[in-house]
Amino acid sequence: MSDNKDAINAEEAEKKVKKRGRPHKSEGTEQKKVYKISKPRVRIKKKSSDEEVKETEISETEQEATSTEFSLTEENNVSISQDAAEESAETALSAVSESSAEELVKDEKDNMNAPGEEGQSEENPIEDVQKEKKEGRERYSKGKKNNKRKEEYPQEVNLDENPDAPRMYISVLAVKSIDEIRAMAREMGIAEDVILDSRKTELIYRIMRMHSASGGALMVEGVLEIIQDGGYGYIRYSINNYLPGSEDVYISTPMIKQKGLKTGDLVHAQIRAPREGEKAAAVIRVISVNNDDVKMAKLRAPFDSLTPLFADERLHLEVIKDNEPSDLSCRVVDLFCPIGKGQRSLIVAPPRTGKTVLMQKIANAITTNHPEVYLIVLLIDERPEEVTDMKRNVNAEVVASTFDEVASHHVRVAEMVIEKAKRMVEYKKDVVILLDSITRLARAYNQTVPASGKILSGGVDSNALHMPKRFFGAARNIEQGGSLTIISTALIETGSRMDEVIFEEFKGTGNNEIVLDRKMADNRKFPAINIKKSGTRREDLLLPEDVLTRVILLRSAFGQLDDIEMSTTLIDKMRKNNNNKEFLESMNLATARN
């Protein structure tokens, strides 16, 4: 009886093993672990005569044919090898019919991931085969795509071998209007529907690709801005006020480090058109930096290490013409409060006193008398119509951020301008920045700096004035050569306590002040310059000795008068002569008071 019971128990154990696919322990027998690798139940769709789909299961014999049992003792406990798994897969495929195999491959992905299926194996050879096929197709398509890319984007022209190759500047294309770009596209044979459906930037890139394919060189010239987070940079344009634009050109971090480039450098480089998946054109070769050899960028001395000196060379503002009177505003400034190269000059101006007109006249005088000076007019928080008027009346680079822009734009534009000026001074060049106004720039910094918790009178944060002072303090005359002059307006009598605090902070930082008077402007006495309050520190370094002596005597002679009377009297007497030389020679100092 006991033998019969043992036989029955053994048969039941074998049945349970086949069903469960895991080891079973029975009493009185040797403990074994039975591992069963089997295919999960695959449901094959068949159509009956009534076109109804019925679900059938693979017979138990076929399922057993797709599985292989391995009995291992608990002491050995060896894992199933990969070869055994491959043999089981081959056995399974040979046992299943061709139609079943096709359905198996078609639905194997769903069946392998079906939850709750018993006897599902951890390794699936069919899935590995499908994965390898997929990877092979991807490698093939990728290689084909790369070959297509090489055909679509030809090699850029080598300017050393072909120095006479026609050149196209993206910085010039960015300035053109959309109508001009479309006209260029039509001349190059681009389809009309493509022209009308494309944006300006897309058309520019199409024109660039066609120019490059015809053997031309693509170039760019602009100011570099390095992104502090990534170390890479973009070349910005003055037409966009050095703000980010869609036509900006990317320059990589290794190239920036290799060439020793900095933010504010004027970069002249060869580029290539953007390829598939790229948003911007890229620099492939730097031709020059700040209109000089590329190697000089690493040899230059940093701006902060240069030695500042007092200004010793005057910027002549009086424009002398044959038998024509010179502008009276520039004559007054040139005689009583001269501006030198490297000075920090403040034009202290109440509202509606003619500060904008005075700045235009100073700018035109500098460009006329000093063509060696690079002039930048920086307008912060100004009205758009004044920006247009300045661009049309001044022969200089005008960079502006109007009052409808956010404060961060004001700050970004100002920092790009000062960095560009510093880089030019490092190359021993003379630069003049006309800023309107330092008050509004300080207001912009007050909105953008992180709050320190220390608020001064008028709502000014204690940290807000550091960056405007750094901007204004960059002006200096360099002992090694070059200079940076900043002529800025400071607003007063606006009714804002903040403006008064800002002016008081900057009042002692400048070494030249031109004070405009509200009462003179109300009486229509222009130029409304308060001569008594205006002046220059160390003017003896700027004026010739004979001129300085006469200016001191004039101030002494008219010093007893009040501010408005003194200024009005002197300006009226100067108006009678065409230039300052005639005025000083004709002036009878003994009877000047009469």
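Note that Cβ sites are derived from N, Cα and C of the backbone, with glycine treated the same way.
What TrEMBL lists as ATP binding site is GLY340, LYS341, GLY342, GLN343, ARG344, SER345, ARG352, THR353, GLY354, LYS355, THR356, VAL357, ARG383. In the three-state DSSP scheme, GLY354 (ATP binding site) falls into the coil class. For GLY354 (ATP binding site), the number of other Cβ atoms no farther than 10 Å from its own Cβ, over all displayed protein chains, is 17.
If you look up TrEMBL, you'll see 1-15 (among others) marked as compositional bias 'Basic and acidic residues'.
Summarising the annotation, TrEMBL assigns compositional bias 'Basic and acidic residues' to 24-33 (among others).
The compositional bias 'Basic residues' annotation in TrEMBL covers 34-46.
The feature compositional bias 'Basic and acidic residues' is assigned by TrEMBL to 47-57 (among others).
Positions annotated as compositional bias 'Polar residues' by TrEMBL: 73-82.
TrEMBL lists 90-99 with the feature compositional bias 'Low complexity'.
Per TrEMBL, compositional bias 'Basic and acidic residues' is recorded for 128-141 (among others).
Residues or ranges marked as domain 'Rho RNA-BD' by TrEMBL: 217-293.
The region 'Disordered' annotation in TrEMBL covers 1-160.
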Query - Three-state secondary structure, GLY342 (ATP binding site) (per DSSP) - result: coil
Query raised in the report: What's the longest C-alpha separation between any two of GLY340, LYS341, GLY342, GLN343, ARG344, SER345, ARG352, THR353, GLY354, LYS355, THR356, VAL357, ARG383, the listed ATP-binding residues, in angstrom?
Result: 29
Query raised in the report: Going along the chain, which residues six or more apart from ARG344 (ATP binding site) have their CB under 8 A from its CB?
Result: PHE472, GLY473, ALA475, THR485, ILE486, SER488, THR509, GLY510, ASN511, ASN512
Query raised in the report: Just how many other Cβ atoms lie inside 10 Å of the Cβ on GLY340 (ATP binding site)?
Result: 24
Report summary line: By the 10 Å Cβ-neighbour count, the most surrounded of the binding-site residues THR356, ARG383 is THR356
